[in-house]
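Taken from TrEMBL as is:
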- 9-30: transmembrane segment (TRANSMEM)
- 36-54: transmembrane segment (TRANSMEM)
- 75-93: transmembrane segment (TRANSMEM)
- 99-117: transmembrane segment (TRANSMEM)
- 113-551: domain 'TRAP C4-dicarboxylate transport system permease DctM subunit' (DOMAIN)
- 124-142: transmembrane segment (TRANSMEM)
- 172-193: transmembrane segment (TRANSMEM)
- 296-317: transmembrane segment (TRANSMEM)
- 338-357: transmembrane segment (TRANSMEM)
- 363-380: transmembrane segment (TRANSMEM)
- 401-419: transmembrane segment (TRANSMEM)
- 431-454: transmembrane segment (TRANSMEM)
- 461-483: transmembrane segment (TRANSMEM)
């Protein structure tokens, strides 16, 4: 009985939160503190009701005494969260005075905001981010007693509470603002799109486009994950949605389980790099850099395409080694028939992109009309029409999916609040520059490692927030454009999802593939090895992020494509037959030379690559080495 009440309460809260954000996005936006307060309060309440404190039932299925206590605890925490939302909505103007003369009630609300955010993040994300946030809070308390390198002047408990728990520089800061203004609506749009059947359509479309070619199953995974991931806010969610279909297909196509899981995890991770949503980071980056959203989307486009092209080439070369023929394993859907029956399902995505690029509506308003367009477009064919139940499920599911981002942004806000208060960001950047000796390449390597480590176990949005204030300033101090610096740290923060030991995307894929998580993540890193080079390319050649003339952008793109192909062949070691070690070395060297800025390096690298490829393809005699079998992979 109590479970039914909780379930209904979740639906009611989800509906309220969804319509609140739809009203704010499409009709009238609220003052920032009001909108952030309601967003966080109701998101926390949903987390406490959906993700319980402990198991409620015993082995016999009855609610134990501890279970009843847990129910009460969760309900009280949810009630406290809604109280926070109500108080901030009613008193958001008074909170601007909190720094100078906070009331007891304000301090209580501040403490609750911090503690409830930490507990909610622990339940929905895991221990990593809340532990990190707690360490930063401890640092704010005891920093004055630390060695000079890390010390600060010290702050009172009241100052910490008001700065972190009540102001727009802590929990209710820019990250939560982006979640409340942009992310929740785009996640809701993705939920409606998925419920309409567009997710299945993306996979079928990928099948019809690339399924007939060698390595078809793996290429389907890449294309479908790119399409769905571009509007998804989660690597793990992307793996779960597309991987449940593509991983079994790859296994039937002759790929080992760990390779199938690796392909899906790498492709789903790449979806976070592709506009328009970019794992919800696109809007945050625009806010941090004070630029238009469209500038961020354009900057991300070429590197994201290079990422997927690199993976595509690696998969194609592996399929060539295996002698894999996709048509032997599954039937490829008819493209024309599929477009006629379900092609209209892609229209809402086109509407969204058009509104963002054409009239350049504010992203929340564009997302609002995108959401409205989904059920309307579904009316075009009887078999795709959405019922009221479908729309209810889309709303509830969308709000559930947005909880991870809301919680991560609020918890990351604690970290940002302490960093801004203590000046730790400048100190950390100074340490990185000092360790690098002022050499850009060394600094990039250090930042890459720091980004991967700090991104482990975190959603892309949370890792980006922390890295944007800790690591990006160091890169810009050495003359790198801000956009390139932020794209660099974002890229590697996302790639932490496939990097051992905490490779959340690879681990999710291994569960579907039924293989060892660690071996899957190691295989994923090998597969994405070429993609790991892409950020260095756009740092040394900013034309790849649309900074330059049309000619320089085109030239940089062509050069990057040549370099990526050469790297892929060097790493996979196969063309028509296994490539000689000396040829692989020449291809690798040529690709590295193309990364460097300067026409001389480009010419030398280009000549090395072309000469080596011509030798391997035209001059070298075929020695009849057998293809790699699936068993040998």
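Quick reminder: no glycine exception, Cβ is built from N, Cα and C everywhere.
TrEMBL annotations: computationally assigned, not manually curated.
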Message: Quick check for me: are there 3+ Cβ pairs below 8 Å between the transmembrane segment (461-483) and the transmembrane segment (172-193), leaving out pairs under 6 residues apart?
response: yes
- request: Summarise the model confidence on the domain 'TRAP C4-dicarboxylate transport system permease DctM subunit' (113-551) as a single mean pLDDT, whole number.
  value: 87
- prompt: Who are the chain neighbours of the transmembrane segment (401-419) in space, where the CB to CB distance is under 8 Å and they lie at least 6 residues beyond its ends?
  reply: 39-40, 43-44, 46-47, 50, 114, 117-118, 120-121, 124-125, 129-130, 132-133, 136-137, 139-140, 163-164, 167, 169-176, 178-180, 183-184, 187-188, 190-191, 233-234, 237, 280, 425, 458-459, 461-462, 465-466, 469-470
- prompt: Can you name the far-off residues of the same chain, 6+ from the ends of the transmembrane segment (172-193), with a Cβ under 8 Å from a Cβ of it?
  reply: 17-18, 21-22, 24-25, 29, 32-33, 35-40, 88, 113, 166, 199, 231-233, 276-277, 280, 283-284, 287-288, 345, 348-349, 352, 363-364, 367-368, 370-371, 374-375, 391, 394-395, 397-399, 401-402, 405-406, 409-410, 412-413, 416-417, 461, 465
Field: Long-range neighbours of the transmembrane segment (9-30), counting only residues six or more past its ends (CB under 8 A)
entry: 38-39, 42-43, 45-46, 49-50, 78, 180-181, 184-185, 188, 364-365, 367-369, 371-372, 392, 395-396, 398-400
- request: Mind checking which residues of the chain, 6+ beyond the ends of the transmembrane segment (338-357), have their Cβ under 8 Å from one of its Cβ atoms?
  value: 189, 192-193, 196-198, 201, 204-205, 208, 231, 276, 293-294, 297, 363, 365-367, 369-370, 373-374, 377-378, 380-381, 383-384
